[in-house]
Structures are given as C-alpha cells and as structure tokens.
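Trainee: There's a structure below that I have some questions on.
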Amino acid sequence: MYPVAWSLYPYLYVDHRRLLRGGREPRKYDPTFKGPIYNRGCTDIVCCILFIICILGYVAVGILAWSQGDPRKVIYPTDSRGQFCGQAGTPLETKPLLFYFNIMKCASPMVLLEFQCPTTQMCVEKCPDKFMTLLKAYTNKEDFKYYKNFCKEGLEGLTVTQILSSGLCPAMLTPSKPFTRRCFPALDQKKGGEITVGNNSKFDDGEGNIRDAKDLVAGVKNATVVIEARQVAMKIFEDYTQSWYWILIGLVIAMLISLLFIILLRFLAGIMVWVMIVMVILVIGYGIFHCSMEYVSLKSEAGSNVTLKDLGFQTDFSVYLHIRQTWLAFIIILAIVEVVIILLLIFLRNRILIAIALIKEASRAIGYVMSALFYPLFTFALLSIVIAYWAVTAVFLSTSNQPIYKVFNETACDHSRKICEPANFSTSSMKAECPDSKCLFAFYGGETVYHKYLIGLQFYNVFLFFWCANFVTALGQMTLAGAFASYYWAFVKPDDMPAFPIFSSLGRSLRYHTGSLAFGSLILSIIQIIRLCMNFLLCCLKCCFWCLEKFIKFINRNAYIMVAIYGKNFCTSAKDAFFLLMRNMIRVAVLDKVTDFLLFLGKLLIVGLVGIFAFFFFSGRVKAFENTAPNLHYYWVPILTVVVGSYLIAHGFFSVYAMCVDTLFLCFLEDLERNDGSAERPYLMSDRLLKVLNKKNKPEPAE
C-alpha cells in the first residue's frame with residue numbers, strides 16, 4: 001500500500017498544482033534563507049491594539065466585580081433579614097444553621113417560581129430536637145428558655161397571642177436535622193409506608209390542630225428542590241477536601257511518568273514507540289479482563305440484573321458498579337477501542353516506520369533545545385492565572401447583586417410579592433393594608449445600570465477567558481515552532497542556532513507577533529463561543545461548528561509556525577501554510593497524522609497506568625491501601641480528577657513533541673520545495689529522513 005501511494009504522488013502533485021494554480025506556487029530556491037528571519041516587523045497591529053484594549057477592559061470588569069461582589073452569598077445561607085448564618089466575625093458566627101418558622105408553607109407552588117419559602121427564616125445554633133408548641137412552652141420556664149433559641153428578640157412582656165401575631169416565634173417546633181446548613185424535619189418512613197417525625201405519626205401544629213406527619217412532606221420537598229442539586233455538590237466538595245493531597249500525589253506521578261517517557265523518547269525513540277504500542281494494548285486488555293471478572297462475580301448478587309434503564313439516574317454513581325449491565329457496557333467499549341487500535345496498527349504498519357523516523361528526528365531536535373521540555377510548565381502557569389482570574393471574577397460578578405425583600409402574606413393582599421423595605425415596613429401603608437403580611441428576604445437582584453448589565457459582563461468574562469486561554473496556547477505554539485525551526489534550518493548544528501532558542505523565539509513572538517497571536521486566538525474564540533451556544537440548539541449545527549473549530553485549530557497551528565519562520569502577518573502565513581499542506585496532501589496523511597496517532601497512544605498509556613493505580617487505591621480494592629485510602633462518598637470523584645488531570649499533564653508534555661514534529665514537518669516540506677539535493681541546493685534534512693524518503697544529497701563535484 002505504501003509503495004503504491006508514493007508511486008502515485010507525482011501525478012497527485014501535478015493535479016494539486018493545477019487545482020491551486022490560483023493560489024500559492026511552490027517556493028523557489030533562496031540562497032539567503034537561513035531559517036527564522038530576524039529582521040522582521042510587527043504584524044496585525046490593529047488586532048494587537050484591540051487585544052490590549054480588551055485586556056484593560058477585562059481588568060476593569062474584574063476590579064468592578066471585586067468591589068461589588070460578595071462570595072459570602074454563595075458560602076452561607078441567608079436569613080429573612082439578609083444576614084449570613086455562621087459568618088466569622090459577626091454576631092451570627094455561632095449560628096450556622098437556617099431555621100424555618102413554618103416549613104409547611106414551603107409547600108406553596110410559588111416556592112418553585114421564587115426559590116423562597118413564604119415564612120420567616122432565622123439563623124440558629126442547632127436544630128430543634130423535640131416536639132414543642134409555643135402555647136405549652138410559655139407556661140414552663142425551662143421549656144420557654146429552650147424555645148427562645150428559635151425566636152426573635154423582644155419577647156418580654158408579650159402574651160402568646162401577641163408573639164404569634166408579631167411573628168416573633170414559630171407556633172411549634174418539630175425534631176429536625178441539619179441538611180446543607182438548613183433545618184428540615186427528621187422525617188422517617190416505617191414499614192407499611194407510614195410517615196413519622198420524631199417517632200410520632202401525629203403532631204400539634206401550635207394552633208390547636210393535630211396533624212399527620214405526612215403533611216410535612218410537601219413542604220420539605222419544595223424547600224429542598226432549590227438545594228437538592230447542592231447535596232451532590234457538597235458531597236463532591238467533601239470528597240475533594242478528604243482526598244486532595246492524594247490527588248496531587250497522583251498528578252505528580254503522572255507528571256514524572258510523562259517526563260520519563262519524554263526523556264526516554266529522546267534517547268530510545270524507536271524502542272519507546274513500540275513499547276508504548278504494546279503497553280497500550282496490554283493496558284486495555286487488562287481493562288477488558290477486569291471488567292469481565294466483575295461481570296462474572298455479580299452473577300449471584302441479588303439485584304445485579306437490573307437494567308440501567310430501570311435503575312434510572314442515581315446521584316450515587318457507585319450504585320451503577322453493582323449492576324452487571326454497567327460492566328458489560330465497559331467490556332464492549334474497551335473491546336471496540338482495542339480492535340480499532342489493532343486494526344489501525346495493522347493497516348498503518350509501514351507508515352508507522354516513517355512516523356518513527358520523524359519522531360527520532362524530533363528527539364534529536366529536542367536534544368538541541370532541551371529547555372523546550374520545561375516550557376509546558378510556563379504554559380501551565382499562565383493558563384492557571386487565566387483560569388483563576390476568570391473563576392474569581394465570575395464568582396464576584398454572580399454575587400454582586402443586592403438583597404431584595406418582598407411582601408409575603410397568608411390572606412389576599414394587593415401588595416403580595418411586591419418589593420418592600422424591612423427597616424420601615426411595620427409603619428408602611430403595605431403593612432396597614434395587609435396586617436398579616438411580612439417583609440422577608442426573597443433573593444439577590446438589583447435595578448441599577450450595573451445590575452441590569454450583569455449578564456453582559458458575565459458574557460464578556462467568558463469570552464475574554466476563551467480569548468486569553470487561546471492566546472496563551474498560541475504563544476506556546478509559536479515559541480516552540482520558532483525554536484525548532486531554528487534547529488532545522490541551521491546548516492551547522494548547533495553553531496548556527498541561537499544560544500537560547502526558546503527565549504529568543506519567545507521574545508520575537510511577543511515583540512513582533514502579539515497581534516497575529518491575538519488574531520488567530522480571536523477567530524478560534526468566536527468559533528468556540530458560537531459552538532458553546534449551539535450546545536443548547538440543534539445537534540447538526542453543533543457538529544458543524546465542532547468540525548469548524550478543529551479546522552481553525554489546524555490552520556492556526558500551522559499559521560503560527562509560518563509566522564515564527566517568516567515573520568509575516570497571520571492571514572498571509574495561514575494562506576502559505578494551507579497551500580503548502582494542500583500541495584503535499586499525501587505526505588500530510590502519511591507522516592503527520594500517523595505521528596499524532598502514535599503520540600496519542602503515549603498519552604493514553606500514561607492515563608491508563610495512572611488511572612488503574614487510582615482506581616485500586618481510592619476504591620479500596622487492594623488490602624494494602626485499605627487503611628491509607630480516605631473514606632469518600634464517591635470514590636469516582638478523585639479517580640476522574642486524576643484521570644483528567646493526567647491526560648492534561650501528558651498532553652502538555654507530549655505537545656512539545658507534537659509541535660516539534662509539526663514544525664519539522666512543515667520545514668521538511670519547505671526544504672523539498674526550495675532544494676533539490678544538488679551541491680548548490682542541498683537538502684537540510686537529516687540523513688535519517690533522507691534515507692526514509694529515498695532522497696540524497698549529491699556530493700560536490702571534484703575540482
């Protein structure tokens with residue numbers, strides 16, 4: 001298959017020349033060209049200025065958000081006065097829990113619309129643990145002292161009727177338990193479906209009525225609908241607090257393995273590639289074996305034959321691991337991946353040899369530019385700053401609203417759900433017209449110009465996050481491209497190379513090509529934002545924009561290489577790179593993409609090794625780790641975190657090789673077009689590549 005492809009190449013080459021005659025012609029020989037051009041000017045200046053202005057605006061948005069926002073609104077529950085329960089340094093520091101005066105009022109359908117129960121809420125030290133009514137507690141000194149913990153101030157000298165009419169105390173207390181920092185009735189269900197609260201099926205509502213415990217269910221359900229999703233989030237957060245140091249250890253192991261692989265690739269490229277291929281097959285094979293063993297072991301377990309459809313969605317994902325169908329799905333997925341990889345390796349066996357030669361050449365280039373191995377750490381640091389700035393700004397923007405109070409009442413009232421001021425509500429006309437109404441905290445909002453444009457500021461924050469993140473990635477690509485291009489085009493290595501290739505290329509990129517970097521990353525960011533919006537619309541359009549995003553990334557990556565070499569603007573460089581690749585489509589498929597596939601197998605191997613170790617450690621399947629592993633709600637949380645983090649780390653290190661291969665590949669295509677192997681125009685590629693491509697340099701004629 002391989003000889004046939006190359007035998008057809010001259011005809012395909014001519015066809016592409018005809019097809020692209022209106023585009024770029026192959027480059028001519030230039031005796032003055034010595035690699036990356038040092039005498040260059042600034043490119044895409046307009047986009048550079050626009051990027052700087054947007055960054056300054058981004059800083060201004062951050063300062064505005066930090067001055068207006070209050071993250072305490074996310075951390076602490078808020079009482080009816082808009083005060084934060086449990087906040088350190090306040091009178092409520094020792095009262096971290098939120099207590100509802102009448103939880104049954106939360107059964108109102110309005111709760112689902114306004115996300116607020118129409119009952120007084122106050123901060124308490126602990127939830128009530130016994131049944132009690134105000135009427136009975138008022139006549140007992142000790143009971144009334146306990147009851148006051150759940151009342152407002154100013155009870156002295158008031159009768160029960162006056163206390164209740166003023167809304168200073170709840171009419172009753174029910175045994176409750178804290179859940180997400182809120183007190184909810186301790187409901188239980190006995191055999192036969194009977195609902196109880198505090199082991200009682202009946203309770204006194206404080207108004208002389210004996211009610212069923214099941215009457216509390218609707219109120220609890222609606223009260224928890226707003227925060228039900230937080231339960232899983234809180235458990236996940238707790239798992240992170242228990243396992244964060246083990247996660248860091250796992251990520252450090254991934255980093256060390258990645259670094260070891262890169263170093264071994266530097267010296268043993270051919271052997272390491274085949275080792276990676278075999279190891280990936282073995283790791284996936286072990287995954288199939290382990291899933292099969294789990295599938296067989298569950299055969300005799302009660303309830304293991306329940307289908308995933310019947311089980312439905314469960315917040316506790318560990319439940320799925322007790323279902324045989326889950327492991328069967330894992331077996332099928334891993335088997336398909338295994339077969340696809342083996343088939344690709346069989347059909348690409350000849351092309352893999354060529355790709356290995358290109359990886360060996362990349363290893364040689366990295367040997368001359370060893371500092372490139374540590375450049376991903378710089379990229380990680382910049383991306384961490386971008387992510388942290390976006391996250392902090394997003395939190396402060398989302399918490400920069402003001403507390404809004406609304407009128408809540410039990411009887412018909414014209415002012416119901418209207419905005420009110422709690423400070424003067426008792427003397428207002430609203431209170432006079434609706435005597436039983438209350439002015440309670442409803443939600444966070446605002447009517448100022450700033451609050452009206454909060455959504456716009458959040459969108460600006462997201463867009464600048466994408467732009468800055470893509471800019472950082474683009475800077476890394478151009479820096480590495482410039483460094484490796486200086487290696488390829490150096491006639492005498494390393495004498496004709498800069499003393500510090502990475503620093504030299506980074507300086508050129510920032511000094512001359514910030515505009516080009518901003519231009520390319522702007523286009524990509526716009527595509528990503530549109531694709532993000534399309535996630536909520538048609539799947540067809542989402543797929544189209546996914547393809548467009550991949551194409552733009554491909555064009556940008558190669559455009560940055562050409563900018564690093566020739567110093568031209570982004571559009572010209574993108575056009576040159578595109579037509580150069582189009583004139584060599586067969587070679588692109590044979591060399592570049594197969595090499596990417598081999599490097600992807602390396603990432604897959606690292607993720608598989610670290611993932612297997614994380615699974616056995618956090619799941620407690622190995623007795624040696626039983627006492628060491630933390631107790632978790634969901635052990636898949638740290639496992640997924642380690643797996644995703646390991647892939648990102650491996651991708652960061654292997655991206656150096658990927659960028660090196662892409663740069664050398666473009667340089668090699670330029671070399672083939674500029675030179676012909678004669679004594680006057682010798683190829684600058686290595687002897688290894690010359691041999692693989694069946695090319696050779698003619699010796700200089702003897703004098």
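Any Cβ shown, glycine's included, is placed from N, Cα and C.
Pulled from TrEMBL, these are the listed features:
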TRANSMEM  43-66  transmembrane segment
TRANSMEM  244-265  transmembrane segment
TRANSMEM  271-289  transmembrane segment
TRANSMEM  327-348  transmembrane segment
TRANSMEM  368-397  transmembrane segment
TRANSMEM  462-490  transmembrane segment
TRANSMEM  510-530  transmembrane segment
TRANSMEM  597-620  transmembrane segment
TRANSMEM  632-650  transmembrane segment
Trainee: For the transmembrane segment (632-650), could you work out the same-chain residues 6 or more beyond its ends whose Cβ comes under 8 Å from its Cβ atoms?
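Mentor: Distant Cβ neighbours of the transmembrane segment (632-650) are 235-236, 238-240, 242-243, 246-247, 250-251, 254-255, 257-258, 316-318, 602-603, 606-607, 610-611, 614-615, 618-620.
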Trainee: Under 8 Å for C-beta pairs, could you tell me which stretch among 244-265, 327-348, 368-397, 462-490 has the largest tally with the transmembrane segment (597-620)?
Mentor: 244-265
Trainee: Counting only residues 6 or more past its boundaries, what in the same chain has a CB within less than 8 Å of a CB in the transmembrane segment (43-66)?
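Mentor: For the transmembrane segment (43-66), the nonlocal Cβ contacts are 389, 392-393, 396-397, 400, 450, 457, 460-461, 464, 467-468, 471, 512-516, 518-519, 522, 563, 567-570.
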Trainee: For the transmembrane segment (368-397), could you work out the same-chain residues 6 or more beyond its ends whose Cβ comes under 8 Å from its Cβ atoms?
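Mentor: Sequence-remote neighbours of the transmembrane segment (368-397) are 61-62, 65-66, 68-71, 74, 259, 262-263, 454, 457-458, 461-462, 464-465, 468-469, 472-473, 475-476, 479-480, 483-484, 487, 493-494, 497, 500-503, 652-653, 655-656, 660.
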